[in-house]
Amino acid sequence: VDVLKTISAITIHENEALKLSAVRQTTDRSGNKRVAGEEWLVRDSGSYLPLAYEKVQEVVKAHIPLPEVAILVRSNANFKDKFEIERKNGDQYLITCEETSAFIPDVQERILGTVEATTLDNRHYCTIVNPIGEDGKPMLGHRKIIKGEISFFLKPGEELEDGVKEVFIIGEDEGIVLKAIAAFLDESVSPSINRKPGDRWMIKGPMEYTPSIEVEIMDVRKAIPLHANEGIYVRNIQTGSIRSVIGKTYMLKEDEELWEKNLPSMIQTLLNKDRDVTADRGEWINPGKEKRAAKEASNADVGLIDTTRVVTFKVPHNAAVQIYDYKSRLSRVVYGPDLVMLEPNEEFTQLSLSGGKPKKANLIRALALLLGPDFCSDNVTVETADHARLELQLSYNWHFAGEKNQENGAKLFTVPDFIGDMCNSIASRVRGTVSSVTFDDFHKHSAKIIRSAVFGDKQEDIFEFPQTISVEPVDSRTRDSLQKSVTLAIEITTQSQEAAAKREAERIDQEANGRLERQRITDEAEAERSRKRLLELQAESAIIEAIGSSTEAKIENTKRKTEAVSIEAEAEMTRLKEAREAELAYIERQNALEISKKKELMEIEVQRFKDMVSAVGPETLLSMSALPREHQVKMLQSLGLKSTLITDGKTPINLIDAAKGLVGNPVASE
């Protein structure tokens, strides 16, 4: 006997199995016959000594299923597993913790992975596609709804449709549009209704709703609150009729939907601009420029209006808007101030006017027509009889006169471009008239010739004559000659004015010399009269001096009395002086205290202002300065400023009149 090899026993632990294979046909230790190549498991714990024709493949460890995790297994052959369940080749099934605490796959089984449990609470539900029936077979094409609270595993072949969904919580102003995809008895209403496939209905809140298998959710709708000046377009999907709902809160019914009104892009641009016809009439809407900007901008940058809302337009004061109803083939004119709300069948009449200087057609687009008074300017090139080419810049005042009614409103919009027609007509008349006069005559009487060309020789009071802004020759030689003539005329006028001023100055100088000589003679006569009066007074003094010697005693007595009074006055003066000095010292101390008080209050106010500015911060001040003017004034008042001057740094400020209150008016010396 030869010893080929020594076989040692293998220890099989808990939750382990030994995988063996037969080298040739043999019988295992359990008495089961094995053929060559057959594999089987030994699951008993303890030591196992393989037989001579048994080969150890590997030690298979157990997989532990968890309450929230199941093991996905696939069968590779037909067999009966350890749970006495018949498995077919290719079957996939789950092993959960409820079936076994530890799972060791058999040789005919393969572990594909794990499946996590799907947990639903009472606010969630899910839809399973191709569910497994009670017989264990998949129901292809079927759907199954599972509501919480529950935790389950998706079986092989089952899928969640759109994941876990929340139960619909419908408020008082909400509703859900449902559609039946199969016939069923709807018991959610009283009495019950038999629903047929394709039926649509709506349920309204407040309620909690979980859909069934036979129902498809078409839309979740919410009531739309509308102001008195707001509305929506509603279309009935069954009849196709369109209507507008204005001024009330409205929820679409199951057979209704929002309808988008088709507006041309230029109309949307005009509505988006929110322009005031009167205040913004200098801002043009150029169609070519708008189209280029629309091509360059992305869809996200273009803020189009919501066309499901009723289109509104504020007609400003002294303006008119024409609205055309293509269904009834009638138009109406709305005069401002008013608010226009378009019905589904109504459209705006878009104005396309000439603009620029000289006038170009279709340059200005607008919805509202300004009724005036307003003006327009135009550059007209004319040629005189002596072939001098001139460029005239004319301005015309215009306005629409008449009562604001529908008859006159229809006339307003009869002419598509009244500006272009008016300017072309007037320019044609002016060219014809100027061509029959010479350059010198036209240069002297340009205003009269233009008025005659426009209105004829007989002008009525109602006509407002055009204003000639400037007349400039187009030909360079004519322009130079005219400039020389104007310069020579200016020099002649200047020299004549200088001569007149010189003569006037000489006349004023002679008058001043005459007044000075007359004043000198008057002063000499007055001096002679004064000397005469002096001599008379000297004579009277001599007489009084002679008389005064007799009363010398009286004078001495009077002198003593005067000295006594002087002493008393001096004493009183000293007393008053000391009293005033004491009073002045008291007032000075009071003033010093008041100045100190004012200084401390000023320092406190300055510190408070600094604290306020530092508390607000420069960034906040910068952002507040970008606010409208009234907010800036309130901000400066809150900081304690009594007087401020706010400017954009570009507009000049006239401070001449402002200095009148700072400098007193000089008083004329007498």
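Quick reminder: no glycine exception, Cβ is built from N, Cα and C everywhere.
TrEMBL entries are annotated by machine, without manual review.
Per TrEMBL, domain 'Major vault protein repeat' is recorded for 12-50, 118-164, 168-211, 223-281, 310-371. Annotation source TrEMBL lists domain 'Major vault protein shoulder' at 372-460. For 499-527, the entry in TrEMBL reads region 'Disordered'. Sequence annotations record features per position, and here TrEMBL assigns repeat 'MVP' to 14-66, 67-121, 123-171, 172-227.
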Secondary structure composition of the domain 'Major vault protein repeat' (118-164) [DSSP: H/G/I, E/B, coil]: 0 helix, 21 strand, 26 coil
Helix-strand-coil residue split for the repeat 'MVP' (172-227), DSSP-based: 0 helix, 30 strand, 26 coil
Model confidence over the repeat 'MVP' (172-227) (mean pLDDT, whole number): 92
The region 'Disordered' (499-527): DSSP-derived helix, strand, coil residue counts: 29 helix, 0 strand, 0 coil
Secondary structure content of the domain 'Major vault protein repeat' (12-50), with strand meaning DSSP E or B: 0 helix, 19 strand, 20 coil
Helix, strand and coil totals (DSSP H, G, I; E, B; other) for the domain 'Major vault protein repeat' (310-371): 0 helix, 38 strand, 24 coil
